Each structure stands twice: as C-alpha cells, then as structure tokens.
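Asker: Below you will find the structure I want to go over with you.
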Number of protein chains: 2
Amino acid sequence: MNSIRVFAPATVANVACGFDIFGFAVDNPGDQIVLTTSDEPGVRITDIIGDDGRLPREAARNTAGIAIQTYLKHIDRADLGLDIVLHKQMPLGSGLGSSAASAVAGVFAVNELLGRPLPILKLLPFAMEGERIACGSAHADNVGPSLLGGFVVVRSYNPLDVIKIETPATLFCTLVHPDIEVNTKDARFILKNEVSLKNTIIQMGNVAGLIAGLMTPDYDLISRSLVDVIIEPVRAILIPEFNEAKQAALDNGALGCSISGSGPSMFALSRDAQTAEKVGAAMQQAFLAVGITSEAYVSEINRQGPKVMPN
Amino acid sequence: MNSIRVFAPATVANVACGFDIFGFAVDNPGDQIVLTTSDEPGVRITDIIGDDGRLPREAARNTAGIAIQTYLKHIDRADLGLDIVLHKQMPLGSGLGSSAASAVAGVFAVNELLGRPLPILKLLPFAMEGERIACGSAHADNVGPSLLGGFVVVRSYNPLDVIKIETPATLFCTLVHPDIEVNTKDARFILKNEVSLKNTIIQMGNVAGLIAGLMTPDYDLISRSLVDVIIEPVRAILIPEFNEAKQAALDNGALGCSISGSGPSMFALSRDAQTAEKVGAAMQQAFLAVGITSEAYVSEINRQGPKVMPN
C-alpha cells in the first residue's frame, strides 16, 4: 500500500485585465489531497474534509476524481485502485480556484505516486477535465497557474498554449473572501458577448503593460496596468461594497485590486508583506462596515505549484 | 545661421495582434529633414523632395511643419525663423508611418538644434500633432516607435503612457509595399465598432504572448503570437493577393506576417537577414504574379530612433 499527500495552490484568474487568459498561484490558501493505493480497482473518494458535505463524493462527478480517472485512462492504468481523501482548505465557489486546486492536487499526486510517467506540463489537460465537471468548461486559467506555479498566460486553447511569466522577486497577494456566494455560471451569464473596439484596445494595452511590468520588473507599470474596463464593471455589481473594498486596498498602498476569478473574492497585489497585510485589514473593514464578514489570506505569489507534503 | 540634418525611421504599427497599441521602428526606410535657422521669423517649408508634389507646402498643414510649430510654441520660441527641407524617402500613404517619420524628424531636429531643451520622451505630444494633421487623430503607435526606437507599447492615451519593450538581439523586418494605395481613413472606416468577447480573448492572449516572446526572448512564442483575429480579416480585403503574399512569407521562414499599419504595405519578421531577404523576394513575387509591382525593404529592428546625420 502506497500513500502520498499533496498540496496544490489556490489561484487568482483573470487578474484584472486578462479575462480567461491570466492567472497566478498563491502560497496560501490551497487544498490537500491524500491518495492511497488499494487492492480494489477503481477510484473512490473515501472522505472530503472541510466542504460541509457540499461536494460530490462520486469520483466521476468530483473535480479531483475525474481528473485522476482521465489521467489513469490515458496512461492505461484504469485498473489501479485508489482511495482519495480530499482536504478542502479554502471556501467553495469563492473565485479562488477551489476546484482547480483539487484537480491539480489529484492529478499531480497520482503522477508522483506512479513515479512520474508524465512530465508536469502534460498533466494540464487532465486537470482541465476537472474544471469541465466543476463549471461546465475546461478552462485553464486556474489549473494552469495551480499546476505550474507563478503567473501564467493561457495564450491559446486551440491548440493549448500555456506560458509561465517571470514575476518580481517580491510580490505579495492579498485575498479577501466575503461571506457571500457568486455562482461561476451566473457570473459568466451576465457578461456581454460583444465588446467595443475602443475597450478592446484599452484592455489590450493593459494586458501588454502588465506582462511588460511583471517581466521588467516595473511595479509602477504593473500598477497602472491592473485595470479592467470589460469584465469588472459588469461583475462588480455582484459583490456588495466592491468599490469601497477596492478603494480601501488602493488607499492602503496596493498596486491594484480587482475581482479574483468570477468572484466574490477580491485580490490585491502589493510590493511587500506589510502592505499586503494592511490592505487585507482595510478591505475586510470595508466589508464589515455593512455587516459582511470575510476571510483574508496574505502570501507571496506561489512559484512552485503543487508539492508533496509529509504524510 | 545654424543647420541640422536628421533621419527618422519608418515604423510598423499594429504588429498583427496589437491594433493601435503596438509599433516598432526599422532601420530602412526613413525620412530625412534639414532645418536651417533664418532671420525671418516663422516656420517655412522651402522644399519637399520625393513626394511628387503631393504633400502640403504650408507649414501649418504639413505633418513636420505643425509638429515643429507646436513644439516652438510650447517652449515659447514661436519667434524663431526656420526653413525646412523635407526628404521623403518612403512611399506616402503606404502604412509605413511616413507622416510619423517626418513629424518625428522635424521635432527631434529642432530640439537638437536648440540644444535639447526637452528630453526625447517629452517630444512625443508634438509629433502626435503631426499625426493629427495627417490622418485626423493624434495616434502614437507610429510616432512612439519612430521617436523612441525599438518596439513600443502605447498602453494608454489618457494619460499618455508609452513603454519601450526589449527585443531579441537579432530580429529582422521585411517590408513590402505593393504599388497600390489605401487611405488610412478608409481603412479605419471599414472596421467594426464591436468585437466579440471570444475574439477579444484570443487577441489578448496573442498580445500577452508577443510581449513575453519579445522580452524572453522566445522566437517560437513570437511566431505563435503574431496572429490578428480582429483587424487583419477585415482589412486584408483591401490588399489584392494579401493571402498569397502572407503565405509566401510564412513558407519562406518568416516568424509571422501581417499588414503594416493600415496597409497596403505588409511586414514580416524573421530571425536573420538571409531569411528576411528570401521572404521579401517571395512576397514581391506573389504580388508580381498578378501584375502588381512593389518595393521591398529589409533591415533590423531600429533601436535608436531618430539620429543626426552629416549635413
């Protein structure tokens, strides 16, 4: 009997200007998964801790389960017996890439358990299958950074082209999850299918500026480029006190602040840990002013992606 | 009596995916201007060579003239007497940034002549005034790279935010100007005011990919990112044999090929001079197959911007 425990990071998708193409991973929070081989063939979820019973226990309907099953089928090991224990260590439906972290943790763990038959980058399509189960489309802007670590561009889906971008040596992320829920499908449904050419040009300028700012690195350019004229104005209405929380972040020194994924979590980037902590406190205070409690997480941009933990 | 001769480079705006935000300068072709101080106050165009009499001789209606006038007014030297001789060394209305090169040459020359009262970057708004006269809007994606050299992102117009991007040590540009004319205003008129969100996402992916490819550098990523799903499909119909010429460029090893500015010139990027020459010959051949003659220019990406020449 073999067993492995793996951590995979939460992620911020979209990152203001990069709807569906940008994402980055953080050191905290993240999910953990424990896989144990079993003599009984097939993939089973034996326990999920921390989801208040809300996630499917059937492997084929669970984001980690389906990712592992698809992977095993691909490497012709569908006969393998595997028991899964999933430790959800972040809120569900929060815009923090919860389903992606579980899928990445699962497929990374089974690949390690089997002696790494596939290189890491090749695991992406299986993790994306987890996303398809969780939210209806096999998007890569959460699983990409969760698997590769760091800041990732999904340049293209057809063919899949995922690029890891250099980030400054110190870059801290504040995540604030207000205790409300936004369904990813709803958040997508309210978006318009058409964008004005004018806004497309503005957004492209910020996309280019953010990549140049990260790679140079140039914190001021990062800050000026963390602007979203297409998605944020539409989705912000789903988050009470969005404007106040964002302003609080900027007033306290954040380089920028926007919605994390499809929300309701918000992210802010800062140059140093102290600012990131201050930003988090101010954002939480903005929500609390209207009676909304929240969780805040502060960590560096994750660089490594998933990792094996002491079991 | 003081005199100065200045060269300013031609430029490729848009660069496939970066409509209105990307541009780069080339070493060849480019315009030259000769400024000579005069006792008679006011800015005069005394001669324009190479335009077949098509450009306005009245300073206030000429791209170089108005740029210089606006500059002199700004530094409170509207009293200065200046005679201008403009050497047009590239085709007009060609999509090679002809008006921008003249405006940049003019404003750079007068600033040098006066002992550089303003730093180079501060000259941009005056050169943009030249663009306003020439094509109705003060765009910066030609004057930006012509003035700064290299590859430039116009991140924002309001406020103006122009960023120079690192490019690979060797990167060659082929320009082919077929002997037909496209009016910049027409080329803009046929564009749609709305873009699908889907195409906006694809374009943003390529914008991010191109910046990352240039800065890394990663020629394959540059190549994969030189794709335009928004503008090129609409404007290509204005250029007979566009598809054939583009295919000829790609078949002969170009990293990518698209319309230069609003056309009808086309540009291709290549890793080395030999490929760039081969690409140019193949593109010219594609036009010639239907009886269209053309000029081809091959040079490195310009790095310096305008420069003072022996007078």
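Including glycine, each Cβ sits where the backbone N, Cα and C put it.
Taken from TrEMBL, the feature domain 'GHMP kinase N-terminal' covers A:67-150. If you look up TrEMBL, you'll see A:PRO91, A:LEU92, A:GLY93, A:SER94, A:GLY95, A:LEU96, A:GLY97, A:SER98, A:SER99, A:ALA100, A:ALA101 marked as ATP binding site. Under the heading domain 'GHMP kinase C-terminal', TrEMBL lists A:216-287.
Explain the structural surroundings of these features, please.
Answerer: For the domain 'GHMP kinase N-terminal' (A:67-150), residue counts in helix, strand and coil come to 46 helix, 7 strand, 31 coil, using DSSP.
Cβ-based neighbour count (10 Å, all protein chains) for A:GLY93 (ATP binding site) stands at 20.
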Asker: Taking all residues of the domain 'GHMP kinase C-terminal' (A:216-287) together, what is their mean pLDDT?
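Answerer: Reported value for the domain 'GHMP kinase C-terminal' (A:216-287) is a mean pLDDT of 97.
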Asker: When you average the Cβ positions of A:PRO91, A:LEU92, A:GLY93, A:SER94, A:GLY95, A:LEU96, A:GLY97, A:SER98, A:SER99, A:ALA100, A:ALA101 for the ATP site, which other residues in that chain have a Cβ within 8 Å of that mean position?
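Answerer: Other same-chain residues near the ATP site: A:ALA10, A:MET90, A:ASN142, A:GLY261.
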Asker: Within a 10 Å radius around the Cβ, which one of these binding-site residues has the most neighbouring Cβ atoms: A:GLY95, A:GLY97?
Answerer: A:GLY97
Asker: Within 10 Å of the Cβ of A:PRO91 (ATP binding site), how many other Cβ atoms are there?
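Answerer: 21, counting other Cβ atoms within 10 Å of A:PRO91 (ATP binding site).
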